[in-house]
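Notes for the one structure printed next.
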Amino acid sequence: MIERIIAVFRESSRSFEGQGKGEEVVLLLRKHPFIALVPVSTISFFALVPVLVFLIFYSAVVSSSYFGLILFLATVYYMALWLFAFYYLAMYTLNTVVVTNKRIIERTQNGFFDRQVSELHIYRIQDITVLVKGIMPTTLHYGDILVQTAASEKEFIFRQIPHPEEVKNAIMKAVSMANAGVKPASEAVNN
Amino acid sequence: MQAAFNLVMALLYLVFWGATFVIFYHLTRFGIGVQPKRFAAAFFLGSVVLFGISLVFAARFDFNSLFS
């Protein structure tokens with residue numbers, strides 16, 4: 001029983017809502033972790049503020065009759081920071097691009113009550129462009145992937161995806177396999 | 001005054017657990033793969049610990065000492 005619970009955090013069937021019969025997940029993509037690191041490190045900086053204030057004004061704080069209140073307010077402050085940190089982490093982890101053997105599904109979560117789901121049938125893909133622009137994307141190996149369908153249709157842009165070259169190759173492989181009627185194997189580029 | 005403080009504290013905790021539920025629900029309900037589940041577990045455990053610490057400090061805090 002305990003092993004089954006722990007297994008949830010180790011392995012996943014990578015199933016998703018609306019998955020069709022015989023539809024297999026080839027790739028599960030998220031933005032580069034660096035994108036989540038920016039707000040989380042800002043919040044971590046704010047977490048240091050009470051510690052610094054405490055260290056600087058140690059004698060005044062400890063001898064104050066407000067000491068108990070200060071400690072309580074500090075915990076409330078940390079509770080708020082905790083919520084903000086996980087709000088950003090949730091937004092990061094819920095923004096996904098799922099490549100299956102039949103389609104590509106992009107889920108964009110802009111807030112708790114603002115979700116957009118776009119999908120594109122894999123046989124409609126005509127060409128894929130990888131865009132790596134800037135010092136950070138080049139150094140950390142992330143970039144945008146532009147998926148072009150028939151000329152008049154919408155262009156899909158998956159932003160800040162890690163290792164975009166590998167992802168592009170995996171999508172192209174899935175496209176050619178789908179066209180040939182072969183099921184592609186699942187690849188673990190990003191969990 | 002003590003009653004007002006307790007009421008504010010209760011409201012704060014209510015908002016905290018409400019927000020915790022919304023984040024936890026989104027991570028477990030809409031997350032795909034292992035990462036959201038790990039985040040949800042860490043988040044829930046951290047929330048319980050923080051709430052516990054906060055509750056201990058709130059219980060130890062003597063409201064009347066502010067006016068003495």
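Backbone N, Cα and C define each Cβ position, glycine as well.
TrEMBL labels come from automatic prediction, so no person has curated them.
Assigned with DSSP, the residues of the domain 'YdbS-like PH' (A:97-171) fall into helix, strand and coil as follows: 17 helix, 40 strand, 18 coil. Residues annotated as domain 'YdbS-like PH' in TrEMBL: A:97-171.
Summarising the annotation, TrEMBL assigns transmembrane segment to A:34-60 (among others).
The transmembrane segment annotation in TrEMBL covers A:66-89 (among others).
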Folded-back contacts onto the transmembrane segment (A:34-60), same chain, C-beta under 8 angstroms, at least six residues removed: 74, 77-78, 81, 84-85, 88-89, 92-93, 136, 140, 142, 160
Mean pLDDT for the domain 'YdbS-like PH' (A:97-171), as a whole number? 90
